[in-house]
């Protein structure tokens, strides 16, 4: 057999291949775009393998070099634009032999695979067989010894693309939050018809072996009952379900009933629980007009949400870095995420743990299966069970342990505020505490606490909090006023209503309010109670956390806005939109949105704006448009934080670009303003609100029975709950090591150390701005387009 001609010498630049395999997931295109552009920026060549492993086996035109501009506009596209397939040929050694030959012919020695556990298992098997495959290719005369010398080692990096979020070792997989968004949108829409006709709806969602989508959608929509594969219902579940639904409708006045069921749901004997069976039970036993809605493949479709765009982009960049860092001895990694931190996890360890869960379910070892799920999954399941209904007599505390906990919103409205309050109230009612909502912030407390017949301080009923499950903004009212405006009256109100704990939901003003109360404890003993801040602000500028409720809702609203105006810009071919974002003196929203929409440039207050920067960026735009040559998706977006510069305003920048363009392209200013606060909260803000609010209540509970002086002496009696790296933790506000002294930039109303600042360089790399004018590969690729 004739030997195939392949490069005898290794190419001057390393060649990295990227493929998507298995079921498609929103965000896969973002991952491919990031791999391609980061590879080019790093001096490598990027190759796309079309139609998954099938393309690797067939070779030829199914393995193509991809240039910088080839992936323009991919972030907002759903599915996978390089195709995906479940390849039977690659499962056989003969198929993998062909794949190895095709890779060597193309000079590719590294592969980034985006897919589920099956796809990643195949990738690791391919790597383990690689030396044997090369040896066989030489023996059969397909390749020569000289041809395989540069390719003795195959580096493989995995990215988990799966809407089910079924991979162990990671909090989220690419596509899972986009799918969850589709489900929540559908259930939110069902609410109206269910309420109108007092109907019940059984909603079937995807998830054969993993109940993540079902659990998170149940939390996000306040479902009455839930079925997931990992934790089947106990014997007699039919009676339990009917009892809860009957109580919710007859005693609590609910007009709608929602039951969420994962497609892989079963009982403890592994008998399948179908949506039609559940419908029949509700219809026959409760005489409830019930409908079944099977969402099906709508859960896979559509553009990726903000989180999936950001996650896929950052993981794609990290995958290229991992390839370049790997040695012949390095195990294949999969890029995972824990809370807010990217990690490199041994691929086979993650795959093994994932398969073990499915095996344990099949063996009916359900407790062990739950144990192998991430701790976050178990925590959410516990939270759902204990907030879906107040009927938990075993959890009720004795009288002397019960507390009166005030809940107040401070600052601007943010998505998730209502959900945090709902979760706190539900938990309090489950435990026997009294939850007191303070309406309209501290002014409401001081001015209207004695109003009749309705005081601004009042208990929240189960029926009232249940209506907040998908509501945006703040139903109890919020404003920016602080307690220092009237300490005397505030303290008297604390005494009058006998507050034993304070739960404050809000932004930097909430942080400031608790700081003021803490510092006033010596003069006002009423403030010697445990106080917790749950950050909720679109600006994400609260010290002690890398995530604030509302920031994800804001980003989703903003990318929808940017996608729409980019379409306008692209339709006009040569147009730049300068979009003004909110965020105060923190550039988090602008930078993260810039990453999610593929902005050409992002201006933030941390860096400021000067004339040299603008001149360089205008040259950058000129170069962009000069090389477009009528290409599609040619519209450009620039994001500017509202306080990035007092001189170079959004309109001024747009006018400067238009003037300097000399008619070759044009620009427009766009200010979405308060539209960025969003409508209904995103699923991420809903579920994190539940988890963090319950943790806050549990933290306040630890102070039950302590004296006022004991509480004041405890540095954790005034805290902020937050995400830091891979952990969720409480950070003390006071003391020499507290947030107030060490992490707060009071003048600029933001943390001193902003974790996201490194993202700015990633935005610049992927837009090409970082390498413009430096002769880097990122722009020489235009000559090859």
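Please read every residue number as a count from 1 along the shown chain.
In case you wondered, yes, glycine gets a Cβ from its N, Cα and C as well.
Site annotation (Swiss-Prot, ligand ATP) includes 86, 87, 116, 117, 118, 119; from 17, 23, 200, the additional listed residue is 23. In this structure the C-alpha atoms belonging to residue 87 (ATP binding site) and residue 208 (substrate binding site) are separated by 20 Å. Looking at 87, 119, the binding-site residues in this record, the fewest other C-beta atoms within 10 angstroms of the C-beta turn up around 87. Residues 162, 163, 164, 199, 206, 207, 208, 263, 291, 297, 298, 299, 300 are the ones the record ties to substrate, and the longest Cα gap between any two of them is 33 Å. Taking every protein chain shown into account, 86, 208, 300 are the binding-site residues, and of these the Cβ with the most other Cβ atoms within 10 Å belongs to 300.
Long-range contacts of the region 'Interdomain linker' (390-403) within its own chain (CB-CB distance under 8 A, at least 6 residues past either end) are made by residues 244, 247, 426, 429-434, 462, 500-501, 700-701, 704-705.
In terms of Cα distance, the binding-site residues that sit within 10 Å of residue 162 (substrate binding site) are 23, 116, 117, chosen from 23, 86, 116, 117, 118. Neighbours of residue 206 (substrate binding site), defined as other CB atoms within 10 A of its CB across all chains, total 22. Per Cα geometry, 23 is the residue among the binding-site residues 23, 116, 117, 119 nearest to residue 300 (substrate binding site). Comparing Cβ neighbour counts within 10 Å across the binding-site residues 23, 116, 118, the minimum falls on 118.
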